[in-house]
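According to Swiss-Prot, the features are:
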BINDING   8, 57, 85, 91, 105, 115  ATP binding site
ACT_SITE  118  active site, pros-phosphohistidine intermediate
């Protein structure tokens, strides 16, 4: 299963926090299918969070998410969506600190907006969100061409590219 994971500006701004989150991804055996860092344009951010438009936190969220670089990942794992959400912990940092203190948000989150990470909440959301950040990525092509190679191994993690690839290919196929 694929999911989108975002590392928010509060974490990207601090190299040690960014590296800690990245290591959590690796140590939990996620395959990093794609990764990119970007400065989010306000109009793209508003479109992404349009379901929250009109809510009290919407403008603050858009301003924060466009305030600095973010890192976007496509992660693969059995039950990737649920596993990533469990690793992140509850959205509300106060709750995360009490219910899941070892989660990413419980240990690194600052506020409910500056809570370090975002993750897709369903298969439908994951597809939509992946397309928003990786418009040239084809899920269908990935499942047909790359996923079987990654599943059957051997798999290599390339620190230079920040992604996993089948050992014999040396990198992802162009989208």
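Every residue gets a Cβ built from N, Cα and C, even glycine.
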- Near residue 105 (ATP binding site), which residues of its chain come within a Cβ-Cβ distance under 8 Å, counting only those 6 or more away in sequence? 88, 89, 90, 91, 93, 96, 115, 116, 117
- Query: Between residue 118 (active site, pros-phosphohistidine intermediate) and residue 8 (ATP binding site), what C-alpha distance do you get in Å?
  - Reply: 7
- Query: What three-state secondary structure does DSSP assign to residue 115 (ATP binding site)?
  - Reply: coil
- Item | Largest CA-to-CA spread of ATP binders 8, 57, 85, 91, 105, 115, angstrom | 21
- Note on the structure: Same-chain residues at least 6 positions away from residue 57 (ATP binding site) with a Cβ under 8 Å from its Cβ, in sequence order, are 112, 113
- Note on the structure: Of the binding-site residues listed (91, 115), the greatest number of other CB atoms within 10 A surrounds the CB of 115
- Query: For the recorded positions listed here, 8, 85, 118, which shows the highest count of neighbouring CB atoms within 10 A?
  - Reply: 8
